[in-house]
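As recorded in TrEMBL, the features of this protein are as follows:
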- 192: active site, proton donor (ACT_SITE)
- 263: active site, proton acceptor (ACT_SITE)
- 245, 500, 544: (S)-malate binding site (BINDING)
- 335, 336, 359: divalent metal cation binding site (BINDING)
Ligand SMILES: O=C([O-])CC(=O)C(=O)O
Ligand SMILES: [Mg+2]
């Protein structure tokens, strides 16, 4: 938040655009010194002022810096620091052809966007009133990364590592992202699943900084104002949850905030979306979690969940306010809503907003990519396989539908026909036509002709799947009997246990490999370490939507796409599947490692954008010639900027 002596938004109307000063004036009080932190014109183009948008790489920075004394409510034209972007926000009060946030001295060290800690150079220390505020040594960012990774490694408890990472994010954003990018395989399980699940469960007691926007029933009628309280204006991606189904952990209410925060840190680290363009939001309509309701440290509304019209009205106000504030092209990612709301929200807003449900669509796109890749190991086409799911919620039906769509496209059969090889089991057993009357709408397409079957193992024996997929949120639901059954039917059974975090995984990697006698092609939603079985080391893959959403989002943003179409998800799957190398296959992997994820994200972004152009959904014209290069050029890199 902008405080009196810390920073201001400065604007200059002489740059061919208008600027309304009132937003800035509202935020400035008290006399203070303003130092403009214009970055130097970095060769690699990675230096991006906060105003730059993903689709408009920085054009020019004409000056070094400016220093001005600003009195109460006086906005300086600030000298020659004309950094400008092309994108105009939709609303007048956010129209900032250029604006600069400024900080100096002690407050600069406290500003995570600009702080570089010991990496401030001698010159910067002089120029920005930092002398004496830091110990004398100057060290480069690489050394800071080395130091931080050692610091993180000293913690044995994952939650402590998580807290150390969050602390770093609050202190020095660029160092946080550099560390995360450089050690992505090691740190993904810390800032993301499984540790983020535990963090959400304990959010009340570990909560230090409010990391996103909280919109509760108390804010009804005022959501537009709440959005304006967020300090960043050029928002391009929002991840929003209502906390009702956090991973496979159930209703964590307001404490679900850890999820949008974690997902958005991956948008930046894996997909290169600028941190300042990312907005985590938690909608708090109460919780039905008794433990939280009785917990004095619970941070959310202490009431049972609002439903029906009250819920729909709050969500509608939110969706309208977002569009009004950030325009048509802001991407809203729905995350970890319960089934009953997730499908309805997606259906309701997919034709009016740029929305994407990660649990329905993102997971589907990742799994389809893994299956397409797996065909290289097991042979045949998708249409030759039989799929059995345990779990018929968002992920289960989302994946099933995308597989059916792909089969339908490949074989030219109607999607209804393609669905026939795909079977789902829910808590009541196999979904069959005799249950149709009592099924929720999203399960109905999967109610095929078959006699009722109660137990999963019986369903396996009768349906004879080649692919077994767990999306149930039920830890250890793939018993020895189940895995042995699917392994007796297939030489190489494909087993995906997708529920998160690790505690909810339908089986462990070790169980999958040992009960299938080392024949399973296995991947899980949360990571498992390599397993040794019969003298051989098996490296399990991670079938997690983190492979897709960062690149997918980047593709939408950089092309100015205004709606998500299923074909974009198929394009993303195709791009990811193409990244599995022979070396990966040789290890039995059906996903590439996360080490090169930024390059992969650029390729996913390019394929998604190309499809969006083809479908006429992309508004950024003309279409860039080389979309991969364009994607790479749009990506945020966390190297420090030089402040002159
Ligand atoms: O967050 C993850 O790891 C994957 C996901 O979306 C979920 O499990 O809900
Ligand atoms: Mg999710």
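For all residues, glycine too, the Cβ spot is worked out from N, Cα and C.
All features noted in TrEMBL, drawn onto the structure.
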residue: 192; record: active site, proton donor; DSSP class: coil
residue: 245; record: (S)-malate binding site; DSSP class: coil
residue: 263; record: active site, proton acceptor; DSSP class: helix
residue: 335; record: divalent metal cation binding site; DSSP class: coil
residue: 359; record: divalent metal cation binding site; DSSP class: helix
residue: 500; record: (S)-malate binding site; DSSP class: coil
residue: 544; record: (S)-malate binding site; DSSP class: coil
Between the residue listed as 'active site, proton acceptor' and residue 544 ((S)-malate binding site), the C-alpha gap once rounded to whole angstrom: 12
Entries of 245, 263, 336, 500, 544 (recorded positions) sitting next to ligand 1, with Cβ under 6 Å as the cut-off: 336, 500, 544
Annotated recorded positions 245, 263, 335, 336, 359, 544, filtered by Cβ under 6 Å to ligand 2: 335, 336, 359
CB contacts for residue 500 ((S)-malate binding site) [other CB atoms within 10 A, all chains]: 26
Env. residues of divalent metal cation site, Cβ within 8 Å of mean position of 335, 336, 359 Cβ: 241, 245, 246, 259, 334, 337, 342, 357, 358, 394
Tertiary neighbours of the residue listed as 'active site, proton donor' (same chain, Cβ under 8 Å, six or more apart): 262, 263, 265, 266, 546
Candidate nearest residue 544 ((S)-malate binding site) in space, where candidates are the binding-site residues 335, 336, 359 and distance is Cα-Cα: 359
Length of the line joining the Cα atoms of residue 335 (divalent metal cation binding site) and residue 245 ((S)-malate binding site), in Å: 9
Residue, out of the recorded positions 245, 263, whose Cβ gathers the largest set of other Cβ atoms within 10 Å: 263
Sparsest-packed among the binding-site residues, when each Cβ's other Cβ atoms within 10 Å are tallied, from 335, 336, 359: 359
Max CA-CA distance, Å, over listed (S)-malate-binding residues 245, 500, 544: 17
Local Cβ density at residue 544 ((S)-malate binding site) - other Cβ atoms counted within 10 Å: 25
C-alpha spacing of residue 336 (divalent metal cation binding site) relative to residue 500 ((S)-malate binding site), in angstrom: 11
